[in-house]
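Residues annotated as domain 'Cytochrome oxidase subunit I profile' in TrEMBL: B:29-575. According to TrEMBL, the transmembrane segment annotation covers B:46-68, B:106-125, B:145-171, B:191-211, B:232-257, B:291-311, B:323-344, B:356-381, B:393-415, B:427-453, B:465-484, B:514-534.
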Amino acid sequence: MVSAVENRSRLHPHKFLLWIGIASIVMMFAGLTSAYVVKRSFANWMEFSLPKVFWVSTAVILVSSLTMHLSVKSFKAHERKKYRTLITVTAALGVLFAILQLYGFTELHEQGIQIFGVGSNASASFLGIITGLHVLHVLGGVIALLITFFRAYRTKVKRYDATPIEMVATYWHFVDILWIYLFIFFSLT
Amino acid sequence: MSSEAVLHPGVAVAHTEGHHDVHHHKQSFITKYIFSQDHKIIGKQFLITGIIWAVLGGLMSVLFRLQLGFPDTTFPWLETILGKWGKGGHISQEAYYSLTTIHGTVMIFFVLTAGLSGTFANFLIPLQIGARDMASPFMNMLSYWFFFAASIIMLSSFFVQTGPFAGGWTAYPPLSALGEASPGSQTGMDLWLASLILFVVSQLLGGLNYISTVLNMRTKGMSMTRLPLSTWGVFLQAILGVLSFPVLFSGFILLIFDRHFGTSFYLSDIYIQGVGALPHEGGNAILYQHLFWFLGHPEVYIAILPAFGIVSEVMSTNARKPIFGYSAMVMSMFAIVILAFLVWAHHMFVSGMNPFLGSIFVLLTLLIAVPSSIKVFNWLTTLWRGNIRFTPAMLFCIGFVSVFISGGLTGIWLGNSAIDIHIHDTYFVIAHFHLVMGVASMFGMFCGVYHWFPKMFGRMMNSTLGSIHFWITIVGAYLIFWPMHYEGLAGMPRRYYDYSSWESFKQFIELNKFISICAIITFFAQFLFLFNFFHSIFKGRKLTSKNPWKSNALEWTTPINPGHGNWPGEIPEVHRWPYDYSKDGHDFIPQTVPVGEEDKMDEQV
């Protein structure tokens, strides 16, 4: 069905929705990290170092943000082939990020740190849940990228509109910044 | 469409020449009434579902009030109707706790949040700001269906063998985190969580739409300072919801992991008879309380902010006077929104809080009295020397102010930690929040339904029935909740199944009997409203004028039965605020009338 919307603002309403949605996601992570800080002051808190592979995954997601940025630029410059390549690379880096995060938890497990189940500690469980939720958000971005990717291969283009790819890019940069925040947060606390 | 408008590709292309589904879209019954993307239909879907939940939630309260009012009386018909829940003619203990829990959950979330704000935010925002629809009609449709799914799941918990959750609407651990805690803590709690998570998603989808529609989709001339207060109310409640529901969501995620994945966020090494010690270590239920009340307290305002707006709008219209202190009304709502985020810990005064921290929360809590008082003052001054029309909507409007004052004053008591420690978890608390939040918000809802019914269905509700409904309801509400203050001050605790087992509380048997009889009468009086509502949809007096209340707001400029897209031609331009009543010799001047052209108004109205 066609949307029944007219608007007078220069900002696309769907972009506006995305920004408010991002604010909402920020509040969820703020709630979780605040809970982490509160719980940290209680007894039975275990200290451990973050897996080293998280440094690599941080680099991967930073690079993916760069490729995302370049893909938007190439879309706007009508360089379709370059755009498709960059979108593919970004999605692949997103998946690689998720794999590296999972690898990080395997590393923790090998060190004897339980994330869930009997013998787990809230500090490790928090790390598992918060980074796990972040990975889910990244994978949501990957799905959006895949949809954009397949759209890029359509031969018939009714309208050359940068709005969807700009929105995906905004979201992608957001999950990138969110991870940087989480990484610094866990490193410092 | 204004020449200044900037139309975004893919959003408005098909509608630049005016939108009306009669002319543009062929819709089936399913796309028009079931999976509708029209904000007006979605608003009605929220309303009808909210009404169904209000009846069910009210019925639950009648059942547990039977136990509280007549603890020693046997009602054999209860067993006939409720089976094992009513064995021997008494509500069983498990059923009692389930009923109180689900009553609280559905009344707060499904009726006062989804039913009230879902209805009026959806129905009013585009109509009052001059938009064709919400920013994303598809997401808007999803918000209703997530709510519907949440409703079905909550309802289904009544049919599982172990019954619905019974640990209180706040779902504090360990009762909520530990399956062994009570029968309802098993599948019932999982269903409760699943339902509430879907509900949060619904609220977020709706809230995102409300905010971006108000900020981004207003018609030409509709500045933020010209928004009707009803739109301000739902807009600000959406901001509260979008920022506080995700925190509750994060609390629920940790709860799910404690329940099913062996984590120790809330659960500690509790010893359970017959089971042994739990494998959890170091968990703390206080953490859950922080996360829960960070939403839980704003939730009070999520429920009442739409009512604030509705009441302001209806009061000005029916007092035939400009609303007194429009800017102060808006700023006080802003202040309430900000303070709502800073007071959650007043629900935790008895949790072992540092007294200094407690004092800070006392101060912040009491500060809310300032904007609340500003609002009350402005409502009273709007009524002062008004040419008041006592329509049912206006009666509920005045009733709202009355119960808001009565219930609000006791908030000052509860906000003081020193007094709160004495009356915490007593019937004083029940009386306070039912008056200030429950009854006031319900009055806001009734007020809104009576006022906008003609816009919703093109027919009028019966005003005599409406007035009778109002008088029974307000008298009933006071007779139910006033005595509870005295019980609470005397120390009678909430949540007790059989208080008559305690010698000190036996003195309240007669008073509780009185309260229960009043509750039953008040509940059944609501069927007057139900009859009036559903009968009027089909048989009510048809509207002959599109503006039956002679209101200034933009929604009354649409046709009597507006189609999808709201206005058949161009969206009208706005030239003034919506409260020009009794001005320059005119009874009312609609927002669409340019300044200086009031005398030509008759041609335009």
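Yeah, the Cβs are placed from backbone N, Cα and C, and that goes for glycine too.
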For the transmembrane segment (B:465-484), sequence-distant contacts whose Cβ falls under 8 Å of one of its Cβ atoms, 6 or more beyond its ends: 390-393, 395-396, 399, 402-403, 406-407, 427-428, 430-431, 434-435, 439, 443, 446, 450, 511, 514-515, 518-519, 521-522, 525-526, 528-529, 531-532
Can you say which of B:145-171, B:232-257, B:291-311, B:323-344, B:356-381 has the most Cβ pairs under 8 Å with the transmembrane segment (B:46-68)? B:145-171
Please identify the stretch among B:145-171, B:191-211, B:291-311, B:393-415 with the greatest number of Cβ pairs below 8 Å relative to the transmembrane segment (B:323-344). B:291-311
I'd like to know the mean pLDDT over the domain 'Cytochrome oxidase subunit I profile' (B:29-575). 95
Below 8 angstroms Cβ to Cβ, which residues of this chain, lying six or more residues outside the transmembrane segment (B:427-453), approach it? 47, 50, 54, 107, 111-112, 115-116, 119-120, 123-124, 230, 300, 303-304, 306-308, 310-311, 313-314, 317, 391-394, 396-397, 399-400, 403-404, 406-408, 410-411, 413-414, 459-461, 466, 469-470, 473-474, 477, 480-482, 484-485, 487-489, 492-494, 529, 533, 536, 540, 549, 555
Where among B:106-125, B:191-211, B:291-311, B:356-381, B:393-415 do we find the most Cβ pairs under 8 Å to the transmembrane segment (B:145-171)? B:191-211
Taking the transmembrane segment (B:106-125) as reference, the highest number of CB pairs under 8 angstroms among B:191-211, B:291-311, B:356-381, B:393-415 goes to B:291-311
Given B:191-211, B:291-311, B:393-415, the one sharing the most C-beta pairs under 8 Å with the transmembrane segment (B:356-381) is B:393-415
